[in-house]
Each structure stands twice: as C-alpha cells, then as structure tokens.
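Peer 1: For 226-298, the entry in TrEMBL reads domain 'PAS'. Annotation source TrEMBL lists domain 'PAC' at 302-354. Annotation comment: TrEMBL describes 377-606 as domain 'Sigma-54 factor interaction'. What TrEMBL records for 681-700 is region 'Disordered'. What TrEMBL records for 6-28, 35-57, 69-89, 96-116, 122-143, 155-174 is transmembrane segment.
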Ligand SMILES: Nc1ncnc2c1ncn2[C@@H]1O[C@H](COP(=O)(O)OP(=O)(O)OP(=O)(O)O)[C@@H](O)[C@H]1O
C-alpha cells in the first residue's frame, strides 16, 4: 500500500509540476494573478510530494523533528494560496475569508512549531480544520456568486473541486476524531485524500483555465478582425466620423474628416472641442444639455446642420447625426457624430428658394388676372386643391364632415362650399360657433326650450337643430363643446332625436352635421376632454386645410384678391407693392393664416396713398417676430422629430414608434408635430400619420 501511495504521490507531483510550470510562465506573460496563484499551488504540491518521506501519511513518524516538518510548510502554502486562486478565478469580490484563512495558516505554523508532538494528536491539526471549513465556505460563496452573475460555465469546475474539497474536509475530521495513533482512513485503506484531491484539482482547474485561455484567444482574434474591418470602414468612409466625450473633447476623427476640414493629421483635431469648434453658440448649449440628459441608448440626438469654416478658410455646411453611447447606467459616455457635407445641397436649395420667391414676387408684381376661386376660396396650391376636391366629393353625401386646420385657414368657407354643393343647398344652413356661446346657454341655443322651462321662458323657442331641420348645421369650434353636451349631440348625430329644455316630447330632425376645429381632437379624446364615441362619429370624413405657410404659392392670388376687394371698399387705386415689402410678405410665417393676411392688406389699403401698397407699418411690427435662423431650439427640435419619424417610417404609436423612441405620449408628440408644423412628405394634408395611427373610418 505504501508503494502505491508513493507512486500516486509521484504522479500527482508530475501533473502539478507540469501545470505549475505552464501557469507560472503564463502568469509572467499575461500578468494574470489567477495563473500565478495556480502555478504556485502546483509548485507547493510538487515540493510537498517530493519532500521526504515520499508517500508520507499523517501518522508516519518523520525522519526529523515534527515541529520543523518541511512537508507541512509546503502543504500549508498550498492551503493559503487556494482561497486567492478561488477569488481570482471566480471574481468573487469579498476577500475577508481569504485573509481569515491566511491568519489560520499562520496560527497553524506557529502552533505546529511550538506544540507538535508526533505521539499525540497535535492541537494545530484542529485549528487547520477551521481553515478547511473556511476554504469550503469561500468556494461555495464564489460558486453561488458565479451562478448569480451568469458565469455558469466557469462555475461548474469550481463547484466540482469544491465538492471534492468537502470530502477531503470530512475525511480530515474523521481522521482527527479517531482516538489513538492509527486513523480511520488508513484503517479503511482509503487513499490519503490529499493525493486524490490535489490531482483532481490540478487536472480539472488546469483544463478549465486552458480552455478559458483558448476561448479568450479566439475572441481576441475575432475582435481584432472586426476591429480591423471597422477601422478600415471608418477610415475609408466618405463621410465625416467624429467621436467625442460628453464634454465635447474629440477622441477620434476619420481620414475623410481630417481632409475635408483641411487639417494635416488627427492630432490637430484631437486637441479641439467638438462643441466649441463645430457648433453654433445656440446649438452648443442645446447639445451639451442634451448629451448630459440623454439617458436612453435608443435615442439618436438631433441632426444639426452647422456652418463651419475649414482650416483653409472654406465655408462648409455639415449635417451632423449624433449617436450617444451610454454606459450600463444609461449615462452618455461618448457621442459618435457622423457628418455629411451638405454645402452644395444647401447652396442649391437656397438658390431654389430664392428663385421661387423671385417668381412669386414677379407674379405679385405683374399678374392682374382674376383670382382662381371656388365658392370664395382663393388659391391654386396643391394642398388647397386636394382639400377642395375632398370637400366636393363628400358634399353630395349626407356624411358628417370634420374640418380641421389652424385658425383662419378658411374652415368656414369650406363648410359653405360643402353646403352649397350638397343636395340641401336650398335648405337652411345654420351656423353655431361653440366657443362664442356661454356654457349655460348652449343647450338652449342648440335644442331650444319649452314655455315655462325656466323663469324667463315665457314662450317656447326652437333651437338651432330644429331651425336647421332638412338642411345643414355647421358647428364651428366643436372642441369647445362642454362634456355634458356631448352625449346629446351624439344622440342627434345617431338618431336625429332630442328634447327641448323642459320638454317631454322627443323631437326628430333631419340635419346634416358639419363640424370644424383648430384643436387636435384625438389628443383631446386621450386627455378625456372629448368623448371618443362622438369623435369617431364626427371623424367619418375629416378634411385638413393646410396653413398658409405651407402653401405660399397661394400668396400672390390672395394678396391681389384682398387688394382688389379693399380697393373697391375704400376707393383706392393701388397697383403695386414695393419689392422690399414683398420679401417680408413671403418670408413671414402667417400664424393667423389668411385672416391675418386679409387684415394686413385691409389696413395697408386704408393707410396707402398713391399707387403703391404701404406695408411699412406691418414690417415694423412683425420683423422682430420672424425667426432668426435655422438654429433656434424650435428648429433643432423639429429636425430631431423629423429624423426620428423618418427612421420609424412615420409610425407614431406602438412598439418602435416615434413616441416610444422619443419617450413621449403619442398625443403629446402629435400636438408637438402640429405646433412645429411637421407633416409626412408626399402624403395628403389630412393624412399626416401612418395608417396604423388613424382611427378606423367607416365607409360612406
Ligand atoms: N382661400 C381663401 N380665399 C379667400 N379668403 C379666405 C380663404 N381662406 C380664408 N379666407 C378668409 O379668411 C378669413 C378667415 O376664414 P375662416 O373664418 O373660414 O377661417 P377658420 O378656419 O374658420 O378660422 P377659425 O378657426 O378662427 O374660425 C375669412 O374672412 C375668409 O373669408
């Protein structure tokens, strides 16, 4: 048996020597502590097994005094190194158990030196059991930590060796509990557990470390490859790539960017601050705040168009798309900015804009042809034409129509057009402005009252619905209709029925309903200010009338129309407008739309003498209201929303919709889009969102 132990010990020593040498070598090459601990553990075992007496078991009497037993020094070094290896291998962060084991080992050395008596069971052996227990506990904690942190693959081998460690502990306890000189283990003729454990520990963990090393190597290779590809892509891309930290310090620029900006090397640009160098003062603060506040990696920052001066003095306009790169907490660490040189495009579009304005100016100056009008609606723009076409289509049906558009765009004119073109054109057309009626009088106005219904009701009186019987009623500003009136209106819409105030009799009417609003009714529905059933009933056929700033080509006709109208009224003989004033008329955004234009022209006609329309008063009043440039916050916000909408294919609601990406309620986004006048290009004005955003329309 002794021979067997000896050979087994020699095999274990051989394996430990191989492992120890490999990992000590790797520890030096890779500066990896775990390899160092493992290598040292291997060598501690080699010395333990090769120090005489070879094949030693605890009860053997050593050939030298027990208190300086060298063999035990090596095995205790092995025990002292084990916890540090476990910590390094698993990444378990708490080190107190490893320190405790270190202290226990030192105590054991001291006790061994002073108290060892080979004839009796030494006191230090009991203390060493505590060390085993602590190592086992640390192993269990480390394995658990690995499982919790999703490192199952690395946890299994450690769990296995710790289980073997557990068996070793058990056997060591049995060994200590056995009275007398001979141990239970040797009586049972079991392998001395140390040999067995050490061999498996070296084999299992050595193999695991090696395969980890191979995996890491393969990963490094593929990382290197993809880094190479990425690097080559970045350097050869024909757009500018700049990476900067959250404070704007540039950390990377590609070759194209260096060339375009007229610099000779990356290092010249790496000294600069992206915010300071490449953004206008207005964009700079906005971007700084945005970068600081951006919390979600999905959100791309706004596209910012910035005029910059290259190193050689050349003026460039660059459109920057910015992508924040966040850490695990969502804090922006770096921003990748991709820039496109849009200098030529900008020049071309400025030229087109200028030519368009010139053309409009010429039209205003020269054209005296009769205005193109349809039921008093002047204009020939595509947007207006589309709305007129829809109104004509629906006019001959009995369907309710919802006219949407900003104030002053001509919703009432459209209501007239629909009624005039309907089969009821010779029947009454009753108009009600819901915002002009006091809340208390609204029911009386709409549905009338019976005699004695209230103190002042000396006579019964018909409401507007009764007056409109057989014809059309136009409910302007329907969004102002109080909530308690809405069910009554819904009943009229659905059944044509209602009761007068104080009346018992149900009155039946046949009225076609046209409604208008300059509010976002679907947002009002979401906010609970408007009943959804009424909204869907009214929204059977919506028509959106575009604002004047989106159809400036109507300006010449409208200006002439209002000039002619007012010249007749105020007996003026005006023939022209000064070029400078024309410029202002064309550049102005017309928030009050055609009503505002009509008022401006009327007042100007009144104050004008001679043949030229005097607009100077208006220019003075409004010039300060005209936006200063393209880099106001509104513009940046607008650009950002447009870029997100384009990425989402103009989908607002639902998963991957723009509202989700912008972390906004869909209705807030809709009203923001309305405010910033964002519309899906190429889509008719009344279909501003993707089909999935629209309510279901029942057919006519
Ligand atoms: N295309 C147009 N051609 C001629 N005049 C127009 C046109 N559009 C609007 N107007 C005039 O502008 C003024 C405002 O129009 P209207 O009252 O129809 O607007 P609205 O959209 O109903 O406004 P609100 O929402 O404030 O009630 C009216 O005097 C109208 O005659």
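Note that Cβ sites are derived from N, Cα and C of the backbone, with glycine treated the same way.
Help me see these features in their spatial surroundings.
Peer 2: Remark: secondary structure over the domain 'PAS' (226-298) totals 40 helix, 12 strand, 21 coil, with classes taken from DSSP.
Helix, strand and coil residue tallies for the domain 'PAC' (302-354), in that order: 12 helix, 30 strand, 11 coil [DSSP].
For the transmembrane segment (69-89), the list of distant contacts is 33-34, 37-38, 40-41, 44-45, 47-48, 51-53, 56, 62, 95, 97-98, 101-102, 105, 108-109, 112, 116, 128, 131-132, 134-135, 138-139, 142, 154, 158, 194, 198, 205, 209: same-chain residues at least six beyond its ends, Cβ to Cβ under 8 Å.
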